[in-house]
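Each remark here refers to the structure printed beneath this line.
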Amino acid sequence: QNESLSSLRKSRLQYIQRCEELEKAKHLSAKAEDEYQSMAITNPGSANKQLEKRRRSCEEAQAKAQEAEALYKMCINDANFRRQELEKVRARIVSHIRKLIYQGDEVLTWVTLRMFKQRQTQSEQVPVGYQYLSEVCKPY
């Protein structure tokens, strides 16, 4: 569980970082297009190269952001799956503990009833024993 949560946190941070990089690349690309307008008149070859470089950078940042998003979603699914599995295990453990408690309660009830029955049997023998002793002693 901890492993999936830590990978989830890492992928989330990476996703946020890549989104920020994408926004930065978009901003630089927009800025490059504005500069292209002004540079196209004086130096068109250099302006084209600069604009193409910014576009490529923006596309790479977008691809990295999409890759990070896919990894983040995969980590979310993995963490959810592990959480569900832990819930199932917890439910089985709780059910097993309940059965053991019920079984222990039944054994304790049976032992208690047997103890009381044994004490009753023992206490019934004492008066019978006194009566027998009394009858044996009468002839004297």
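Any Cβ shown, glycine's included, is placed from N, Cα and C.
Since we're looking at a predicted model, the values are computed, not measured.
As given in TrEMBL:
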type   : residues : note
COILED : 5-78     : coiled coil
DOMAIN : 1-140    : domain 'F-BAR'
Segment confidence, the domain 'F-BAR' (1-140), expressed as mean pLDDT: 83
Number of helical, extended and coil residues in the domain 'F-BAR' (1-140), per DSSP: 135 helix, 0 strand, 5 coil
